[in-house]
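Each remark here refers to the structure printed beneath this line.
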Amino acid sequence: MPALWLSCCLGVALLLPAAQATSRREVCDCNGKSRQCVFDQELHRQTGSGFRCLNCNDNTAGVHCERCREGFYRHRDRDRCLPCNCHSKGSLSAGCDNSGQCRCKPGVTGQRCDRCQPGFHMLTDAGCTRDQGQLDSKCDCDPAGISGPCDSGRCVCKPAVTGERCDRCRPGYYHLDRANPEGCTQCFCYGHSASCHASADFSVHKITSTFSQDVDGWKAVQRNGAPAKLHWSQRHRDVFSSARRSDPVYFVAPAKFLGNQQVSYGQSLSFDYRVDRGGRQPSAYDVILEGAGLQIRAPLMAPGKTLPCGITKTYTFRLNEHPSSHWSPQLSYFEYRRLLRNLTALLIRATYGEYSTGYIDNVTLVSARPVSGAPAPWVERCVCPAGYKGQFCQECASGYKRDSARLGPFGACVPCNCQGGGACDPDTGDCYSGDENPDIECADCPIGFYNDPHDPRSCKPCPCHNGFSCSVMPETEEVVCNNCPPGVTGARCELCADGFFGDPFGERGPVRPCQRCQCNNNVDPNASGNCDQLTGRCLKCIYNTAGVYCDQCKAGYFGDPLAPNPADKCRACNCSPMGSEPGECRGDGSCVCKPGFGGLNCDHAALTSCPACYNQVKIQMDQFTQQLQSLEALVSKAQGGGGGGTVPVQLEGRIEQAEQALQDILGEAQISEGAMRAVAVRLAKARSQENDYKTRLDDLKMTAERIRALGSQHQNRVQDTSRLISQMRLSLAGSEALLENTNIHSSEHYVGPNDFKSLAQEATRKADSHAESANAMKQLARETEDYSKQALSLARKLLSGGGGSGSWDSSVVQGLMGKLEKTKSLSQQLSLEGTQADIEADRSYQHSLRLLDSASQLQGVSDLSFQVEAKRIRQKADSLSNLVTRQTDAFTRVRNNLGNWEKETRQLLQTGKDRRQTSDQLLSRANLAKNRAQEALSMGNATFYEVENILKNLREFDLQVEDRKAEAEEAMKRLSSISQKVADASDKTQQAETALGSATADTQRAKNAAREALEISSEIELEIGSLNLEANVTADGALAMEKGTATLKSEMREMIELARKELEFDTDKDTVQLVITEAQQADARATSAGVTIQDTLNTLDGILHLIDQPGSVDEEGMMLLEQGLFQAKTQINSRLRPLMSDLEERVRRQRNHLHLLETSIDGILADVKNLENIRDNLPPGCYNTQALEQQ
């Protein structure tokens, strides 16, 4: 079978449409620059040599590789073509002359057009700019307001700048700034004023995070909002976050960067950032700003660039809507200002890919504040119109209220509508108490009721569910509910807000509370109408998703629509249109292949079996396989020693047969190779002809379309002619009736019969003329039909490819084109004839009218000859009408035939496409080996990446082992220190037991303490088994020192001092206990203070609740508020302040006690050090000491 596949592949390779160079120079004449060419029929027809060179070397191009490619040149014909290397900005094109000189733009010079001429500067896409010194000396422009150099002697201002010197802002703008691409900043003023100027009351203020002490309130989150670890580097004074997965992690800014940042508009946000490892490809979501329901984002770098690895770089972003700031989506001016007014989130991407780490430092947001200092001229001061006040016209003036409270400072201010012309609350519009008309008493309505505007003394319940308050719109007297729950809107809170669905009142079915639409994050959060507000069906799915909840992929796409990363959601099916079912792929992206195709994308021909043309090859290969198996059997017998001398003879014979068969196969292959080359040439020729036929068929199709259009025009004109003839017939009938009823008196009106006869003859002549025109039109239609049929027949012959040579094909095509041109001319002639017939018919109609007028003037004429002549004219008109009807039918048949011919032409075109598809299948088989090699390369790359990851993990493990080793060594060092301390404790314990054996009761306490120390040391020895030997040595040392009691007199005093210190320790212990007791008491007092504070806060909440109640406030309510405030102040002064003073005093005393304890501990440590020095100075050995007392 392997040999069979090899034969198949060999056959496919021999069919490739390229001709290898042969010894005949007339085949591939490529000037030594290529060894491949292909036959081109059109080139052969034009030049007589039909071979076109392929894959020209040495940067050459042309039919015979005779010239250099675009952007290359050479000094002589046989030289290599060298690159021009023309500068992309300074040259007019990529080409150059034979010397390598590029064509330069104005003001540019150099062989490569890469530098400016003297007197010019700044090379740009438009060339070099002339120096200012070369310009008009009167050109005096403000550099902050011009958009470019003053080349023409006049200043070219930025869009928001005006003035002869570009030194003034246009009306509605302020603050001329050189860094502003618009020149000046538009007045904001919340949209209430277009007049403003720079404020002198604000100074520059920078909101920064330098991370010198800690993370400064920053956090780290994943894309889905889950928290991530954020680390602070004490060494580098920055923060960083790492990720093991590809999902990105973001730095989240603290509250000081959020909130109302209006004064930062037009200023910069900058930070230092670096990334280690990872993908390092910037994305559109690197920096994200959110606020007021809007979101904008920007990449760290331009698309196509890569973030530097391990290098800290400062990134700066301008906070405005100008396209140069690279924020997307691009907001309007007021949308951007609205976002900055309520900035709710600032996120900076930290990681890029797996095992990525991002570092951030020196975050700076340029802002301003109303204090003295360096001026901030970008802050505006508005000139407010009537009804507004404040620096930014953000407040309503006295006597005005907010028209729409939900818009906040963006809402318009309108006059108060209080009875008596009184003032009102600027935000709610409620009239102040005492400002109403004193003659009318208004009822004080509770929550859930409102004043009837027609009867202010009565209260009506609000038409709101759940007892929500309401108010009356002054203009329309409409009752509107206030404070609807989240997700609910409408005048009666009866509708779900945008982004929510349900039916709060059950007006269209069962009651369903409003809930957020579940579209699986597959809609644009900034868009409106993402889902149906009643059913919740998602209407604007993005990321190629579909379904009720955007939880499915659209037809022709696959992937996970619920993936958090948009790049991992639905992707287009990458299926071969030739080998796959249209518009279908499976959930894993694999395509549904047609029969005979395979592979993930159905782009590989399925190699289940060879085509039918290889059956003979398969039979021959089966025979060779059988012979090979018999040879193997003979060899096995020969190796086994069986069969005597007969086997070698048979083996040799079979080998000779095999060699002969191989020679035959080789000869056949060589013959087949020549045949295959001829087939390849013919295939290339057939492809070229196929392209020509396809082009000509397209021309025929266009011609048929034009003929159809002309036919429609002719049909319309024939219908017009028929209509005119009908009108003529009616006119003639009327004339005949008049003639029949006319009596002519010879004495009054005598008209000779010759006059009527001449009129009748003229009418007859006109009718004959129309008949001839109709016959001519019919003949033209028949000729058009014949020519179209001939063209269709010839097209069929051409596409079938049978029955003639290339020259015959060429002649046939030329004949077909001639017929086509003749058909076009006939169509034009037909159009002219139809137009002429139309004109003639109209003339006849007008003449008939004149005849009718003449006849109407004849009163009482009774001439039988006139009646006969009129009947003859009518018959002539009837025959003309019948002829026109037949002509119309003929045109209809031609039009129908044109439709059929178009259908047949389309079928022929589809046949050509099918043949082209067969050729593409052969090419796809030839590319199979290449695809397999690419797959092997991909597998090799994957293996390399896996090995690299393993190496990285091993290195990290090595570092961890080194860290653990260092910790173990440190623990071993501490172990020796602990052992030494245990030995010292045991030594001192033995000394205390020997020296204080007959001490007084005061020293007994020290002995007990030493015993306890011995017990502690014994427990430590049990825990550390390796210290038993040292404990024994310590015991031996204690026995040796027992014999030198005389030398311990001085040490006795030290031990007494130690006992005294222990007594002090006990005293300090009591002091500590006292401190603990006092701390507990302080905690109790703090708890009591907390209760008091909570009571005070409850009182304040109650006061604020009373203040927030709608409606007017009477004097009694004001007195209750004042009493509540007085009680709260009294409670704070009488209870909280003494408690705070007492707590501060106790904290001071505790600090003093701690200081005393630290001093005592230092003294004890010094005594221990002194004892250690005494012990070290004692001489070793045994001594015969005297008893302390003589008996």
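Each residue, glycine too, has its Cβ placed from N, Cα and C.
Among C155, C157, the one Swiss-Prot lists as the disulfide partner of C141 is C155.
Cross-referencing N574, N941 with Swiss-Prot, the residue annotated as N-linked glycosylation site turns out to be N941.
Per Swiss-Prot, the stretch carrying the note coiled coil among 179-218, 1099-1138, 1139-1178 is 1139-1178. Noted from Swiss-Prot: C128 is disulfide-bonded to C116, selected from C116, C139.
Looking at 227-254, 759-786, 787-814, the range tied to coiled coil in Swiss-Prot is 759-786. Distance noted between the C-alpha atoms of C53 (disulfide bond) and C573 (disulfide bond) is 37 Å. For C496 (disulfide bond), the nearest neighbour among the recorded positions C155, N342, N362, C517, judged by Cα separation, is C517.
Between the CA atoms of C484 (disulfide bond) and C470 (disulfide bond) there is a gap of 10 Å. Here the domain 'Laminin EGF-like 8' (573-602) has, by DSSP, the following mix of helix, strand and coil residues: 0 helix, 11 strand, 19 coil. Of the Cβ pairs linking the domain 'Laminin EGF-like 7' (517-572) with the domain 'Laminin IV type A' (213-381) and spaced 6 or more residues apart, 3 or more are under 8 Å, so the two regions touch.
The DSSP secondary structure for C514 (disulfide bond) is strand. Non-local contacts of C65 (disulfide bond) by the CB criterion (under 8 A, 6+ apart in sequence, same chain) comprise C30, N31, K33, S34, C53, C56, N57. Here the domain 'Laminin EGF-like 4' (187-196) has Cβ contacts under 8 Å with residues 171-174, 262, 265, 334, 337, 380-385, 388, 392-394, 409-410, 412-413 of the same chain, all six or more residues outside its ends. For C462 (disulfide bond), the same-chain residues 6+ apart in sequence whose C-beta sits under 8 angstroms from its C-beta are G448, F449, Y450, F468, S469, C470, V479, C481.
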